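A.B. asks: Annotations for this protein, taken from TrEMBL, read as follows:
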type: DOMAIN; residues: 10-200; note: domain 'MHYT'
type: TRANSMEM; residues: 12-35; note: transmembrane segment
type: TRANSMEM; residues: 47-72; note: transmembrane segment
type: TRANSMEM; residues: 78-100; note: transmembrane segment
type: TRANSMEM; residues: 112-131; note: transmembrane segment
type: TRANSMEM; residues: 143-167; note: transmembrane segment
type: TRANSMEM; residues: 174-192; note: transmembrane segment
type: TRANSMEM; residues: 212-236; note: transmembrane segment
Amino acid sequence: MGIEMQGSYGSPYIIALSYAMSCVGCGMGLSAMARSRSAAGRARRRWLGLGAVSIGGTGIWVMHFIAMLGYSLPGTQITYNLPLTLASLVVSIAVVWFGLHFAVRGRGDISALIPAGLVTGIGVAGMHYLGMAAMNMQASVHYRIWLVLLSLLIAVTAATVALWFAVNLHAAPAMLGAALLMGMAVTGMHFTGEAAMVVTSAQESAGSGLTASQMIVPLVAVVVVSTFAILLTIGLSQSAEELQQEARIKENLSKLDAMRRAG
């Protein structure tokens, strides 16, 4: 039987960076969802997709992956299976899109939020453990079931609350506070899942894959470009309040024009 190995979760800077990226992604997603409420048809679907990419991609997956890159084991090199890593990204975005779609369609009703949050939370937890399964190392892994269940509970609760935020929040200060809370929940779920992992030494060779240093450059490039593009899209679009103000101005101008013609 192998000896249990104690992993390191990286420097506090890595943990802080992963939390910050989660907050940024969740904040962008909430902003996108706020704009979706004043849109219709294809425009609404585009905003919903952008919200799913922001929350599921940046807010959850990028946070998870940055934290995973900070994880190390003494005397063991960790590599990452690229197909499984990319599959975890697809799962994260897909389940968040599912949750947002049904929460919006149900207009935030509790009968829609609970099943949507349940499916989304289970999917996010599944993404986390799929991402951890992508780790190749000369060791065997099993999990403490009670911590796995705790991480699942955190994921489902956080997903349900996040969907409520996405459907109901409008004001920027409220969305900022919600993003900070969502980032805390996502980060807490991740490290609870990592704490559930028990690693023991093994003789079998590790599978092939990419090292953290090989993956960090393309990851940073993709994150920077996509985050800039999403922020630019949100920044250049009109918020619901701006659209309402513009409509009021047009209405007042029409009334003034009608009064001028009548006079």
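Each residue, glycine too, has its Cβ placed from N, Cα and C.
Bear in mind that TrEMBL entries carry predicted annotations, made automatically and left uncurated.
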A.B. asks: Hey, which of 78-100, 112-131, 174-192 has the most Cβ-Cβ pairs under 8 Å against the transmembrane segment (212-236)?
C.D. replies: 78-100
A.B. asks: Quick test of the contact rule: Cβ under 8 Å, at least six residues beyond the ends. What residues does that give for the transmembrane segment (143-167)?
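C.D. replies: That would be 26, 29-30, 33, 51, 55, 99-100, 103-104, 107-108, 113-114, 116-118, 120-122, 124-125, 128-129, 175, 178, 181-182, 185-186, 188-189, 192-193, 195-198.
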A.B. asks: Restricting to CB pairs under 8 Å, which listed stretch, 47-72, 78-100, 112-131, is in contact most with the transmembrane segment (174-192)?
C.D. replies: 47-72
A.B. asks: Can you work out which residues elsewhere in the same chain, 6+ from the ends of the transmembrane segment (112-131), have a Cβ less than 8 Å from its Cβ atoms?
C.D. replies: 56, 60-61, 64-65, 68, 84-85, 87-88, 91-92, 94-96, 98-99, 102-103, 105-106, 148, 151-152, 155-164, 167, 189-190, 193
A.B. asks: Hey, which bits of the same chain come close to the transmembrane segment (78-100), Cβ under 8 Å, at least six residues off its ends?
C.D. replies: 29, 33, 48-49, 51-53, 55-57, 60-61, 64-65, 68, 71-72, 116-117, 119-120, 122-124, 126-128, 130-131, 133-137, 159, 162-163, 166, 206-212, 215
A.B. asks: Looking only at the domain 'MHYT' (10-200), report the model's average pLDDT.
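C.D. replies: Looking only at the domain 'MHYT' (10-200), pLDDT averages out to 89.
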